[in-house]
Structure formats: structure tokens, C-alpha cells
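Structure first, then comments.
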Amino acid sequence: MKRVIRIAGWTIAGLIVAAGLVLATGILLAERKAQRQVHVPAVPVAYRDDAQALARGKYLYESRGCMECHGADGRGRVMINDPSGMFVRTPNVTAGNPDIARYRERDWVLAIRHGVAPSGRPLMIMPSEDYNQLSDEDLSALVAYMRSLPPLLSGMTEIRLPLMARVLYGFGMIQDAAAKIDHARPPSPPLQPAPTAAYGAYVANACIGCHGADLAGGKIPGAPPDWPPAADLRPGAVMLRYRTPERFIEMMRNGVRPDGTEVSKVMPFESLRKMSDTDLTALYLHLKALPVTQAAR
């Protein structure tokens with residue numbers, strides 16, 4: 001009996017040591033990954049700061065999630081403060097932040113389109129996969145608007161990830177945007193906003209950070225554990241609720257489904273309700289035109 005107890009004790013001790021080694025290795029790998037150099041052949045875009053560009057940039061800032069994370073005035077905000085230990089205070093993107101004040105044209109392209117800091121390290125929590133396909137014209141307008149924001153002072157950027165999130169990041173089960181993006185892929189060509197499925201495909205790029213490149217939804221990698229999975233946006237799944245563009249637009253504006261139930265507040269409704277009827281109609285038509293997969297049936 002004593003021999004069995006000794007064996008069990010040594011087994012448990014071995015498992016504890018092995019688990020500790022796995023955690024330590026994951027944390028070490030995460031630190032190395034967060035400090036790695038990402039080499040991107042980013043090409044600066046030609047910036048405009050005329051009234052039309054600034055108006056377009058303001059619309060994109062407010063409707064594509066920038067305002068949701070960085071605040072209406074751009075000074076940053078506490079975006080996540082979760083009991084699991086995840087805390088995110090987003091960067092101040094005005095010239096009041098000395099780092100932003102030093103941004104050159106190429107630096108804006110690196111950060112927004114590629115998820116890479118001017119130093120070459122990956123930007124954490126920045127969903128650049130949503131913005132990688134912005135046309136040069138839209139990227140130029142967005143940056144012009146951000147550069148026009150009054151310089152403001154704010155707290156320092158702070159990102160704290162729970163232990164398991166850091167370990168999963170270290171082992172590659174959670175990726176930063178710089179690891180997800182095909183950096184050689186050219187941006188979208190200039191597109192005129194129109195209520196068409198083709199333009200809706202362009203608008204839908206803003207959804208892939210949470211809903212995935214195929215818009216199939218699922219657990220959002222790196223999100224707090226109490227966040228619900230992102231919905232499957234393909235035909236045959238949640239889009240069955242929305243028989244008309246009007247119903248879809250109403251949900252995107254007020255966060256309530258046709259049956260009266262509320263959509264999770266994880267959805268960035270602060271930004272989504274700023275989308276124009278043209279963009280939302282185009283998005284609806286694109287989602288309805290996606291191929292129906294077996295999983296969505």
C-alpha cells in the first residue's frame with residue numbers, strides 16, 4: 001500500500017513539474033514573440049487633408065471600430081477590465097501621445113494595415129486584419145482625420161493578459177494581427193460606396209477580427225472567457241432571422257433581434273450604429289450572397 005502511495009505521489013509531483021515547465025515555456029515564448037521583429041515592405045500612401053478626405057476619415061473612424069477602442073476624441077480608454085485578469089487600456093492616437101506625434105506616413109501604414117509598430121514589433125490587441133484591405137484612399141482619409149484630432153494627454157497604454165492567454169499566445173494558439181495578415185496582399189482598389197454585394201464584401205472586412213476570415217464565427221481568440229462566441233454570419237445561420245435589409249439595419253442600430261432578444265454588448269454597437277444605410281445594406285447583401293456551407297445549414 002505504501003508503495004502505491006509513493007508511486008502516486010511521484011506521479012502527481014511529476015505532473016506538477018511538467019505543467020510548470022509547460023507554463024514557463026509558454027510565457028518565455030510569448031515574451032519572445034511579442035518582442036520579435038516583423039519585416040513588412042509597407043508603402044506610404046499619399047495623404048490628403050482636404051474637407052472631403054477629413055469627412056470620409058471621420059466616418060471611417062466612427063463606424064469601423066476606431067472610436068469603439070480609442071474613444072471619440074482619440075485619447076484612448078479602458079476597453080477591457082475583466083475579472084479573469086485581462087486589462088486593456090488602448091493607446092492615445094492623438095499627437096498628445098509623443099510616440100504618435102513622431103509617426104511618419106509609413107508608420108501609419110505599418111500600424112493600421114499591418115499591425116506593426118514603427119520599431120518593427122507586433123502591436124498587441126490591434127485588429128489590423130480588419131483594416132488590411134482598406135483602399136489607399138480610405139486609409140489616407142482615416143489617417144488625415146486622426147492627425148486632425150486635437151492633441152490630448154491621457155494614461156499610458158496598458159495590456160495585461162491572463163496567464164493562460166499568454167501561454168496560448170506563446171504556443172501559437174492565439175495570434176496577433178501581424179501573424180494573421182498576408183503582408184504581401186495588395187489593398188483593395190478604390191471603391192465607390194453603393195448598396196451592392198460587391199461593396200458589402202469590402203465593408204465586411206471590418207468584421208473578420210471577431211467573426212473570422214470566412215465569417216463563420218466561433219470563439220474569439222484571446223477574448224475574455226465570459227465573452228460569447230461570435231455568430232456565424234453565413235446564410236443558413238443567424239442571417240435567417242433577417243428577411244429584409246431593413247430588419248438587419250434595425251438590429252445593427254439598436255442591438256435587438258427581430259424576436260425582441262438583445263444581442264450581446266460585446267458587439268461594437270457604438271461604431272455599428274454610425275454606419276450608413278448604404279454600407280449596412282451592402283453588408284447585408286454580401287452576407288446573403290455568401291455560399292451556404294454544410295456547417296451553416
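In case you wondered, yes, glycine gets a Cβ from its N, Cα and C as well.
Here the structure is a predicted model, which means the values were calculated and not measured.
Pulled from TrEMBL, these are the features on record:
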type	residues	note
TRANSMEM	7-30	transmembrane segment
DOMAIN	52-150	domain 'Cytochrome c'
DOMAIN	195-289	domain 'Cytochrome c'
When the domain 'Cytochrome c' (195-289) is classified with DSSP, how many of its residues are helical, how many are strand and how many are coil?
46 helix, 4 strand, 45 coil
Per DSSP, what is the residue tally for the domain 'Cytochrome c' (52-150) in helix, strand and coil?
47 helix, 9 strand, 43 coil
